[in-house]
Amino acid sequence: MAQEVFQRTKPHVNIGTIGHVDHGKTTLTAAITMTLAVNSTCTPKKYDEIDAAPEERARGITINTAHVEYETASRHYAHVDCPGHADYIKNMITGAAQMDGAILVVSAADGPMPQTKEHILLAKQVGVPSIVVFLNKEDQVDDEEILQLVDLEVRESLINYEFPGDKVPVVAGSALMALQALTEKPNTLRGENKWVDKIYELMDAVDSYIPTPKRDIEKPFLMPIEDVFSIQGRGTVATGRIERGILKLGDIVELIGLNEKIRSTVVTGLEMFRRLLEQGFAGENIGVLLRGIEKKDIERGMVIAQPGTIEPHTRFEAQVYILRKEEGGRHSPFFAGYRPQFFVRTADVTGVIEAFEYDNGDKTRMVMPGDRVKMIVNLICPIAIEKKMRFAIREGGRTIGAGVVLQILDSTQLKSKNK
């Protein structure tokens, strides 16, 4: 059967459900797809279809994630739901499904729980820009005051982790009651059932409060170099996939990483699948011919970027998940001073792990497989890194961890330019 062509008629937003185990994340995901299926071509998903999540691999780590899609009147959404708590942590740190926004599900009967707060913190660390709250299980709460207390408590938790808790939309409802109504009458329309209406109200809040993300094409140009070769009589060609932005013939670009010099050069040729291009766009695999650059000046792991938009650094703080033995990770702990390989974009660089600490600020000398820690890393040579970047940690050919850069620590702007 021929594959259907994806018609992009509405802005696309990636979203996910976060929150404590058993507060109703997967039930809500099912209720949203069934509610919105009435007005769109997207397929409704039952709870057990979402809960039997397929395995994904991101940066060498297996993650159980379920992806569903749905549409509102104004947007197309891709929604990720992870059944297990560990899967959430791995998904958010590896960026297997990067979220433009999240729906935080909190049981109105229980209020915020430890995992609720952990997910809010993690959302902040990995750069989820906006959160909308769904107070689930409203049908189990008889007292309006309890609902108001939980609302207040959730807002305080969000403020504690630097989200604008006083402005965040909070919608109370019952995913299970909505799901039951939709199971009995699949084409329930707005205004026909109070619980289904709450799902519409939630999606109205998501539509209006979570901003449409800036598309990669609008960002400054950057391409990690995958391979380099010489064309006799023409010069040096670097190949790779454009991560963001647009590259045009005649553009001035910088070569950054693996040494302290930032070289400046001009793009004299662009090609894709052996066809000449006037310009290359984010997501495309291209070859770039660079003026006055010899093969020895450029290698895999460097990036080609719009001048002044990214710099080489060696030292950074990161949030890292260390794989358990069962996930193919280490069998034993490691200590400060450990020197694994860091895979950042196409670069593969040795780094020294100088220090660790847990989210509560407790320092530790030893990290166990399965831990999630902050660490300070010092690479042996500078590479183009920036906040929110993802990376893998490897040792002896296997992935032992995955991380996201929280902040750059070295202040040395390695800008001895050689133009």
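From the backbone N, Cα and C atoms, a Cβ is placed for every residue, glycine too.
The range from 19-26, 43-50, 411-418 that Swiss-Prot describes as region 'G1' is residues 19-26.
Listed ranges 136-139, 312-315, 324-327, 396-399; the one Swiss-Prot annotates as region 'G4' is 136-139. When the neighbouring Cβ atoms lying within 10 Å are counted for each of the binding-site residues (Lys25, His85), the highest count belongs to Lys25. Spatially, by CA atoms, the binding-site residues Cys82, His85, Glu138 include one closest to Thr26 (Mg(2+) binding site), and that is Cys82. Within 10 Å of the C-beta of Cys82 (GTP binding site) we count 25 further C-beta atoms, all protein chains included.
Following the DSSP three-state reduction, the secondary structure of His85 (GTP binding site) is helix. In three-state terms derived from DSSP, Thr26 (Mg(2+) binding site) belongs to a helical segment.
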